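Asks: Features from TrEMBL:
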BINDING   52, 91-95, 103, 135-139, 161, 167, 264, 279  substrate binding site
SITE      103  site 'Important for catalysis'
BINDING   160, 161, 162  hydrogencarbonate binding site
SITE      264  site 'Important for catalysis'
């Protein structure tokens, strides 16, 4: 049995390291991002390398749409978020269009819609993996932090810049940071606006692993393939469970909603529905009262 398990593991290792053939759906038309999918994996790429993949309101709107697409696609099990090129994952909000109260869209309305994107990634019931090459700075650093896992290239650099440019993220950017690296280290990251290389980020628990730049996508896809071999319901409930204690009643509601969805699939849950539709009293007597 042990030899069979080892052989299966070896076979999976060979499969996981194979190149992936990404396809772009014909109806996934965006200006600021790219959307690809293959093997039950979606890859969403911030495609503004000329500004180190900084986001503007349109970028965020397109990201929200793409994540919703992956959320609603039952063939997708895991989502990768990355940036175009190898110089930056995301450098945060595009300061060139920052107005009085937010970032100006194409008609001059000012937004902070990245907050909606953060909540979406947190509550999306599928694992989201940040694939980071180059800079993950400011709002881009918070985006990778919000993701469930982070695979970093050796050239990755991490840090917050908010206090340096008159900004801050006192929500997930502060709270999740403290839970990830500890309160003292989180304060250092925010109060000093230093940058940290990939090994330093790994040492403090900001990322899950560090690989050579040339192996970044191969390693990230391998992690995604491994997750796609696991129970999707287990991953869904675990993600909401990890978030429940930090998200207050909203987190508990997400976890409870997953429990309700599972209960609907049981005979006990269906007995109540069927009795209502059949206009009879439900009979729950055959279901055990478990200790």
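Keep in mind that glycine also has a Cβ here, set from the backbone N, Cα and C atoms.
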Asks: Report, in whole Å, the straight Cα-to-Cα distance of residue 160 (hydrogencarbonate binding site) from residue 264 (substrate binding site).
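Replies: About 44 Å separate the Cα atoms of these two residues.
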Asks: When DSSP is mapped onto helix/strand/coil, what comes out for residue 264 (substrate binding site)?
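Replies: Note: residue 264 (substrate binding site) is helical by DSSP.
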Asks: Can you list, in sequence order, the residues of the same chain other than 160, 161, 162 whose CB lies within 8 Å of the CB centroid of the hydrogencarbonate site?
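Replies: Going along the sequence, the neighbours appear as 92, 137, 138, 141, 159, 163, 164, 165, 167, 168, 169, 190, 193.
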Asks: Across all protein chains in the structure, which of the binding-site residues 160, 161 has the highest Cβ count within 10 Å?
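Replies: Its Cβ has the most other Cβ atoms within 10 Å: 160.
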Asks: In the three-state scheme derived from DSSP, which category covers residue 162 (hydrogencarbonate binding site)?
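Replies: In the DSSP reduction, residue 162 (hydrogencarbonate binding site) maps to helix.
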Asks: About how far apart, in whole Å, are the alpha carbons (Cα) of residue 162 (hydrogencarbonate binding site) and residue 138 (substrate binding site)?
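Replies: Between the alpha carbons of residue 162 (hydrogencarbonate binding site) and residue 138 (substrate binding site) there are 6 Å.
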Asks: Below 8 Å Cβ to Cβ and six or more residues apart, same chain only. Which residues does that give for residue 52 (substrate binding site)?
Replies: 87, 88, 90, 91, 134, 135, 137
Asks: If one measures from the C-alpha of residue 160 (hydrogencarbonate binding site) to the C-alpha of residue 138 (substrate binding site), what distance in angstrom results, rounded to a whole number?
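Replies: Cα-Cα, rounded: 4 Å.
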Asks: Within the chain of residue 136 (substrate binding site), which residues six or more apart in sequence place their C-beta under 8 angstroms from its C-beta?
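Replies: Those within reach of residue 136 (substrate binding site), by Cβ under 8 Å and sequence separation of 6 or more, are 88, 89, 90, 130, 143, 144, 156, 157, 158.
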